[in-house]
Every structure is written in C-alpha cells, then in structure tokens.
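Pasting a structure below so you can have a look.
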4 protein chains.
Amino acid sequence: MTSLEATNANSQWVLTLSCIDGPGIVHAISGAIVAAGGNIAESQQFASADTGRFFMRLQVEAVAQPDTFDARFASALAPVTERYHMTWRLDRAGRPVRTLLLASTATHCVNDLLYRQRGGQLSIEVPLVLSNHEAVRDIAEFYNVPFEHRAIAGKEDKAAFEARVLEVVEEQNIELVVLARYMQILSPELCEALAGKAINIHHSFLPGFKGANPYKQAHQRGVKLIGATAHFVTSDLDEGPIIEQDTVRVDHSYSVRELTLLGQDIESRALRNAVKWFAENRVLADGERTIIFR
Amino acid sequence: MTSLEATNANSQWVLTLSCIDGPGIVHAISGAIVAAGGNIAESQQFASADTGRFFMRLQVEAVAQPDTFDARFASALAPVTERYHMTWRLDRAGRPVRTLLLASTATHCVNDLLYRQRGGQLSIEVPLVLSNHEAVRDIAEFYNVPFEHRAIAGKEDKAAFEARVLEVVEEQNIELVVLARYMQILSPELCEALAGKAINIHHSFLPGFKGANPYKQAHQRGVKLIGATAHFVTSDLDEGPIIEQDTVRVDHSYSVRELTLLGQDIESRALRNAVKWFAENRVLADGERTIIFR
Amino acid sequence: MTSLEATNANSQWVLTLSCIDGPGIVHAISGAIVAAGGNIAESQQFASADTGRFFMRLQVEAVAQPDTFDARFASALAPVTERYHMTWRLDRAGRPVRTLLLASTATHCVNDLLYRQRGGQLSIEVPLVLSNHEAVRDIAEFYNVPFEHRAIAGKEDKAAFEARVLEVVEEQNIELVVLARYMQILSPELCEALAGKAINIHHSFLPGFKGANPYKQAHQRGVKLIGATAHFVTSDLDEGPIIEQDTVRVDHSYSVRELTLLGQDIESRALRNAVKWFAENRVLADGERTIIFR
Amino acid sequence: MTSLEATNANSQWVLTLSCIDGPGIVHAISGAIVAAGGNIAESQQFASADTGRFFMRLQVEAVAQPDTFDARFASALAPVTERYHMTWRLDRAGRPVRTLLLASTATHCVNDLLYRQRGGQLSIEVPLVLSNHEAVRDIAEFYNVPFEHRAIAGKEDKAAFEARVLEVVEEQNIELVVLARYMQILSPELCEALAGKAINIHHSFLPGFKGANPYKQAHQRGVKLIGATAHFVTSDLDEGPIIEQDTVRVDHSYSVRELTLLGQDIESRALRNAVKWFAENRVLADGERTIIFR
C-alpha cells in the first residue's frame, strides 16, 4: 500500500530501477541513499525468474537539506546505475502526472477519475478531456477540466483525432493517456507513439471476451462472474500488458444491460487503480507482464 | 440458499420444471400442491428472455400423510404438466445422488468432495472412484469409498477406461459423473452418453485459457486474478454450460507452481458448489447457459 | 437480480406481502393475479423460521388492458389479503421513490447516488439535499438537485435541522431519507418518526467498531479487512436492521487516512445497493433482520 | 507472495528483524549480506508510524559455500544488530516448524492443515494432535500424526490437559501451538507461557461476535457477511493480535446451521494462511498489531 500522506512534506523522492539480477545491488543503492543523506521510507523489490531481471522501487526522504537532495542523490546514484547497467527513473513523490483523458459515450470512468483527482486521491493533473462524443462535456466542465469534442464520422476524422492526440501529448507534456472507455481502436502508429504510457480499460476479464460487446459475449457464454481489465495499449488489440483486473459475481438472471451497468463499477475501480499506481511510479514492465509495487 | 436441514424430516419433495412462458403457470402448479395437501417451503422461478422459457424449482413439504404424498402429488401434477407441455422432475429432497468420481494425479478435489460427503454437506453417495493414477487411492479408502485404478498408457487403455465408466454408470445407477481433475479428454461418444450429467472442473476462468496448462498460460499473460470453472462436459472441449466460477487475486510474484497451489482452493470450491447444487436439483439447463436456483 | 428494463413498459406492478406462514398462500395470490389478467414476471418468497412469517415479492405484468389492471388487481387481491391477514403493498414497478438526502462534509456517497440517479440506475427522485455543511452543494447543483444548508452549531440548531427534515418529509411526500454520511446522531423522536424509511451508512462492518472514528478503531485493532454497513436508522445507535454490508482487504501498512479513503468505495457501494433495493421494494423487515429479495 | 520452491535448494536463510527506525539500516544489513557472500532473494520492510519501529524480512541465498554461510552471515550481522539494538532471528528457509495441534469436535481445520502439510504446502511438522474429543482421531491417523485424547470433564481435567500441553511443548520442542477449533478457554497461565506462539481461529469477524456461538449471534444480528479471524492467543479472550481474516456473503435465508457449515470454509482458509505465514517467518508483532510480510 501506498501513501499520499508521506509525500505531503514534498521531501520524498521515488526511485524505480531495473537491471540484470545479481548480488550487491541493494547494498549499492542503499549506499547511494546514505551518501546523499536520505532515508528509505518505502522499498519493494522483485527478481523475475522469467527475464532474469531485478526490479526495485524506493521511496526516499531527505533527512537534511531537502532542497539540494535531488542533486546529491543523482550524483551518488550515477556510478551505481552505470555499474549495473540500470534502467532507472527518479521522480518527486506526489508530483501530479500530466494526464490526457480520451472518452466516448460512457461517462462512468471519466466521472470516477475526475471526482478522485479533485479529492486528492489520484496524483494526476488533467489538462484536457478529448472525446468523439459530447457525453462527458458537462462532467469535465464541472471539474474545471477543458473539454474538446471531435466527432469521428469516417477515416479522415479518425486520423485527425489521432493527430490531435499526438499534438496535445506534445504541447501539454502529457505523460499518461487514459482511454476512459474511448471506443475507437487506435492505429498501430498511435499505439507505437504512446507505447508504455497509454492505459485502456477493457470491459471483460481478459483474455476472455476480447473485441466488441464483451458483456453480450459474457451473457451468451453464461459466465458466473464478469470482469474488467486495465492494460497498457499495444497495437495487438486487447493484448497489452495487464495492470489491474477485477471481477464481480452475477447469475443467470442478469440481462446484457444489467451486466453492463454492474460492470461499470468494476471498470471504474480497475481503471482508477491502474491510473493511481502508474502516477505513483508503481507499475514496471517485465516483458509482456507488469510488476505492480503496491 | 439452500437447506439440508429442511429435508431432515424426509417429508419434502423437490419439483423442477420448465415450459414455454405464459400466464397461469404458478397458479396451476400451486393448485396441484394445495390439492395434494402440500405446502411450499422454497420456491424460485425465472423467465428466460433468451429462450422464452419459464423455469421453476419448488421444495414442497407434505402437510399430512407424507407416506402417500408422492402419489397424490404426481396425480395432481399430471394435468398441469400436460397442459403446459412441461419438462419436469420430482425428487425427494435430500436423497443422495449416486455419483461416480473420476480422478488422475491431483488429490485436492476428491479429498474435498469426500470430506464433505462424509460430513453430510453434500447430498451424494459415491459407489466408486475410478482413476488412471493411484494418487487418490488412500483418500478414497480412508473415506470407505471403493477405488479402482486403470492405467491409461495408450488409445486402447483409454477406450477401455471409458467403457468401464459406462459400465459403472449402468451397473451402479450413476446419476452424476464428476471429473475431479481427471486429466484425460473424453471421447465425443462418452460426452454424448453422459450429456447433462457429467461435471468437469477446469483450472481457469473460462473462456480464458482453455486447453492444457492454464496456470502456465495465466502466468505468461500476467493476469491479476486466476480462476476456476465447473461446467457440464460436452464434446466441445471446455465449452460446456458453466455452472460455477470463482477467482482469486494474484500478483506478479506468483510462479506457475504457486498459481497452481493457490488455484487448488478455488477449484475445490467451485466444483464442490456445482456438485452440491446439482445434487439438490438446483441446476437447470437453458440452452447453452445454466440457471442456478440457489 | 432485478431488472429496470422489465419496467420500461410501465406496465408492471410490484406486490410485497407478509403473513403467518401456512399452506395455500401462493395459490391464493397467484389466483388473484390470474383473475386480474396478470402474468408473474418475477417472484421470490421466504418463510422465516425465526418469526414464523411468510414473505413474498412479486413483479406482475398486465397481459391485457394495463390501464385498468391496477383496479382489477386490487379488487382480486382484497379477499386474499384479508383471509391471510396480510401486511401488503402494491406499487408500480420503476416508480421513482421520493428521497431526501442528508449530508455533512463527506461527498462520496452523495456523488455516487446522484450520478447513478441521473444515469437511470436508481429508481429515486431527490427533491432536496439537506446538509449541515456546504461540501456537497456544487455536486447537488451539478445534478440539478436543490441544496439547502443549515449549520448545526448547538442543540437548538440541531432541533431546527430535525424539524426541517420532518417538514420536508411532509411537504415533499418523502418516502426515503438517506443519511449519506450525515454525521449527526438523530434524536430518538426523529428516529421514531422515520422508522422503516431512513437508511444510514456506517463506516464499519457492524457490529464491530460502533460509534465514532471506526477507521481509527480498525487501525488500532489491526483488522485485515475493513467494512461498511447500510442499515435502517433506529434510536439504538448503529443497531438498526442491516440491509447491506461489504468488506475490502487491507494490511498493516494502511494509515487511518488510507483506510478512510479506501473505505469510501465500499461505503458508496453498500449505500447505493441499499437505496436501490429499497426503491425497488426489495427490502422487507423480519423483526430485527431484513429480507432482501434481490 | 512467497515461494517454497526457492527454498528447495536448502540454501536460503530468512532474516527477520526490528529496531527503532532511522537512516542506514538497509545499507548496514545489505552490507553484512554482501560480506557473507549472500544475495537477497526477497525483501520486505515497513516503518510503523504507530510505534516508530522499523521491520524487515529478508530471504537470502548463499552465492558460494552454502555450508558455511550460516556462520559467515551470523558473524557479519553481529555488529549491525548490536549497533541498531535489533531484535532479530535467523532461520533456514523452508525448515518445518514444530507444531502442536489442539482440537475438539470440529474436524475441518485439522483436516485442512494436515492435508496441506502432507502436500508440502505448509512448512510445518506435527508431532502430536492433542484433543479433548475423539473426533479427529481417524484423520490424524490417516496422516500418520500421533493423536492423543484427554477428556475434559471438569476443572482438574482441564488443568491436566494444559499441563500436558506444556509438557509436549517442552519435550517436542514445539514452536507453534494451533488451536484448530479447540473449544476450551485457555488459562491465563497457559496464555502467558505460549505468548507469541499460539494461534487461534475464531469463527467470527472480530471484533464482532466475541465469545460463544458467534454464528448464532451473526444470525440474530442479521449480518450480510460472516467472517473468521486467526489471531494470536492472549489472556484477553478474542482480543489477541489479528493475523488473518476473511469474510463470505450470506443472506437472510441462511439458518445458524448453514452459517456454521459455510463458515468452516473461511475458518480453514484463514487459519491455514496464518499458520503458513507464521511458519515462514512472515508474521511480526508491532504492539497490538501484526505485520504480515507476504
């Protein structure tokens, strides 16, 4: 579990890293932290038997002189990250991640994310909601988030919409694109451009019921639980690395419409968790799988 | 929910029925109950929008003269079931259902079913456990259930095993065949012969991860929940009507072996529930789907 | 499970009833339905071993002449309800229940209820949100629901607030009062006046952690799950009949603030379910317990 | 999650420790590991805001010369544990913990624990099942575990039973005493003697429904979920530090007997998890609360 509280003081940093597994890594990293005058507030690690890689997430507080901790820490880390050929990232804990929301006709995910963003439960800031429908306009406006509508009637519209996405990502320094029930398939080019920073919510328990109308498929198959899956977007539809999943019990009496309504709750929850963990640097990629340091 | 208690008196009957939906069915059925001197202890019904059929399960107690209630009820029902062209079944509540268990190397499902059968929690009696491995022999013997081992080394063995299954079904008046992690694919002929009375437990949340090694598939795909599915056996592998499903949360750190061990718990639970409901006449078929009157 | 869809045609009625258990009740009721030209769309029943009473909920559609079904049904029912000394209620399915929301500083429950009311998922209409704080004003206004603020600084304010509640109940024909994290203890007189039609959400798994600061209590006790309870309000604090409960897993690392934030999700869910079921006439009282016909 | 697999090689050690929180602890510990020629396979830590203490669990594998790692590690650790005034424990990973089971009439918990012990899922060895009833005798014998029956008819019997417990603990080097639905209240003296190494399973979601007949209490209160709690035994009845809890959904139709049967499943699961984590040195005490390093 994680704490926004701990970051209130704005004197904590998050270090995430991965490298080939081997002895001495933790000692080297913790040595850099001691050298920089830091204290470990939170630490999680995982050695992947699948890829042979070591992953770590550290939350570090500056014991003294927080203003210059940044520089001290970076310089203490440099020889360590170099020696172990680490992929790493240092971020300030609690820094809001710049997030673009894409939406269509369903309102529940956008509503859930913006409600929680306002309440300080999600470490994101949302410069824009971009949608091919008007459905979430009033919600965005209520939460003081700019809303932009671009209808998609054909191929050209879709290309224009995607161009606009890339433009916003560029202009607004977007770090995370959330497909909050955005019901268009992204082009391979856009998937490529957003690799590792676009999260989609699919309304089924993947890999079951890929593609369109998953609740209709679920009804026909007569499943006894329905699910939702938040995953990174890749060009392989509904096949990207899974970040979070949830299920809820149903029975024979649920119509497709009732499954759809009930499913909204788990969709909102799964997506919200995925966004929260991403924004807190808790999601690391390990090949086709994700490591979630909760 | 269901009650074994209510059946302690041995004076309750279970009536299950289905017919084309329409007005007056409940009144006609309840009229037959009144006429026979019965009282409704439990009643559930469902009108399927998919098939247009009406389904009902009634648990009826004899108010007076329980010894002859059977005959009175049957004769009072006859004109009703005829008028509505009903498919129906009248059974004594709590009557143990004659059940054949098929097993292979995994012991958890057999152990769970026999433990609960002995404790009076499952309304079944088990004249035989038939297995292509010796793994569950001592468990069967501990629970005083005959055990028979028939190795399957090739096609002929498999045919002989299946012939033995049919023989036991015939000789022992078997009403339910439970594939308690029996790891052989049944021939289409056997599936056909056991249609509607064979239940399998598949170690995934169907329709995800059909076929072999579902936990390995689940690990590779990086799912955040694993599942188990109890379903009727059909010749279409892992596609039979679903009776019960369950899931449990996992994370990136679970190895295939750990998924397998954790999954045993939900496999046992899902299978146990399916067997319990079947034995209590709570499972009705509605096309490719099941209605569960819990 | 239940269906708002079925009620779209506005030609369905809900009949709920209870009486001393005995033979013939279902037959008598179904006879009245047949006589009135109705068809049973949904039916649930329960015989309480604790109180010896029989409970039933029927959803009935008018097969012909829906405009006059009401009167026909009422007159066909009269001799039956009289003979069995029934407590009963006949309502139009899907009719929005007039609901007053009481709130204080927490916004999540009000937000959840109004969001779902707007989406057609809750069969309620809300003529007023009355609060002793301003926190939910903008949310109410966004959903076009009148908001009224009355500060409570002392005893007199509280009495005035309660008087206003009763006034609104009277003037607005309120059928349900929802304490959506309204953090004041109601006077015994108000509890009495609202008996059976006021629902509170308590932020613990009752009967654990009654009273104030349940999340703090939960943290101190080191529980591994936290819960929420929606219950009818009675003058015995946190002791009213329970309608719905839910729990969620936590661990040692959760601070009180984190428990509080996480708990909001289950509070919203438990309260939403309780309100939904109440509005659909699915909640019946059986002494100190509730029967929920889902 | 944790892995018994990793310990198959018998070359892993588990180090658990706690001390007053402060900078440099991880670096000092990891330095001792490097110095001893070890590699960190698993690591978890927690800083308690309640008590100001730091807790850590490390699973360490010997990179070279595993036969003498023990001694090297101990001597490298000594100055560190001394400097930080650590409470610590070094154990071989996967070493079976010597466990005494106490039982009465219920069989499900004993059956579950012994089934899993035999299957290699629990790192325990059980030299004795001691019971005041005969109910679990045949189960113990089936699993080749010595069984001893001592009836408790009065105060003297109870004192003798408790004396026998202490004797077994002494003679058999018992590290863990599991009250597997042992339905006698332990004397304060025995609680004291077994402090920190006796685990009880209580059949309710504590702190709700303490004391006798919790399912009866749950039924009367009309709760919508029932629960089970595994906790350390203290002389304050049902108040010891909680290790694990679980809940399952019920409804109005469940009788006390049905609640009892359903509850057995979550009792078995909660107790099994608590025993597993204890045996793997994953349970640390933090005042009245437990830290579980799963």
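In case you wondered, yes, glycine gets a Cβ from its N, Cα and C as well.
Just lifted these from TrEMBL, have a look:
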| type | residues | note |
| --- | --- | --- |
| DOMAIN | B:14-95 | domain 'ACT' |
| ACT_SITE | B:Asp238 | active site |
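Any idea what these are sitting next to in the structure?
Sequence-distant neighbours of B:Asp238 (active site) (same chain, 6+ residues apart, CB-CB distance under 8 A): B:His202, B:Leu206, B:Pro207, B:Lys210, B:Gly211, B:His231.
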Please classify the secondary structure at B:Asp238 (active site) using three-state DSSP.
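Reduced to three states, the DSSP call for B:Asp238 (active site) is coil.
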So what's the average pLDDT for the domain 'ACT' (B:14-95)?
95
Could you put numbers on the helix, strand and coil content of the domain 'ACT' (B:14-95), residue by residue per DSSP?
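The domain 'ACT' (B:14-95) comes out at 29 helix, 33 strand, 20 coil.
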